[in-house]
Every structure is written in C-alpha cells, then in structure tokens.
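Engineer: One structure follows; several queries about it will come next.
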C-alpha cells in the first residue's frame, strides 16, 4: 500500500525546506512510494504539515553501503548519518533511499 504522507523529525525541517536534504533513508514499511508521487510532509512530533515533496526514485541500500555521498544528500557527515540510522532503526541493515524534491508553494 502506497504511503499517502511522510513525516520527518522537526530537526530536519530546515534542511528539507532549504534543499540541503534531498534523500531520506527508511525501512521497508516506509518505502512504499513511487516515482513522481507527491506527498505532504509533516513533522513526526506534532503532525504539522510544512511542505509537499515529489518522489524522484526509490533505491534499496544496505547500511554498510552508505557513503559520504548519501551523507551529503542528508546534510550530515557519514558518522552522523550512521548514528541517526542506528537511533531510528536499531539493528536494521536493509534500508531504502527515497530521493525527493521539494515542491515550492
């Protein structure tokens, strides 16, 4: 079943709105989106809408395959990215990279 919205922690809102964050790494349950799909984006904490995004593509990626390029697209260093993934998805190896672009209002 396709996602009909996506949430991000509030701490990522500025990076998304500024265009600094252009991907998100998710588990399998949150990977059900398709190229071209438009999703409303809300904060995880309060479900407050702050923008819409369009999905560019979805690619499986293992935690061990993450590179500095992934980290740059997340607007983090690689160690920061690995720490965030470990915090959100402890013990998970298989991730899905969702590349997106923000839709201007």
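Cβ from N, Cα, C; glycine included.
Swiss-Prot lists 7-93 with the feature domain 'ASCH'. Summarising the annotation, Swiss-Prot assigns active site, proton acceptor to 21 and lists sequence analysis as the type of evidence. Feature annotation from Swiss-Prot assigns active site, nucleophile to 24; the stated evidence is sequence analysis. If you look up Swiss-Prot, you'll see 74 marked as active site, proton donor.
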Engineer: Mind tallying the domain 'ASCH' (7-93) by DSSP state, helix then strand then coil?
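Structural biologist: The composition, in the requested order, is 32 helix, 26 strand, 29 coil.
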Engineer: Could you tally the C-beta atoms, other than its own, that fall within 10 angstroms of the C-beta of the residue listed as 'active site, proton donor'?
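Structural biologist: There are 23 such Cβ atoms around the residue listed as 'active site, proton donor'.
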Engineer: What does the structure give for the C-alpha distance between the residue listed as 'active site, nucleophile' and the residue listed as 'active site, proton donor'? Integer Å is fine.
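Structural biologist: Counting only the Cα atoms, the answer is 7 Å.
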Engineer: Using a Cβ-Cβ cut-off under 8 angstroms and a sequence gap of six or more, which residues of the chain neighbour residue 21 (active site, proton acceptor)?
Structural biologist: 12, 15, 73, 74, 75
Engineer: 10 Å Cβ neighbour count around the residue listed as 'active site, nucleophile'?
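Structural biologist: Counting Cβ neighbours of the residue listed as 'active site, nucleophile' within 10 Å gives 21.
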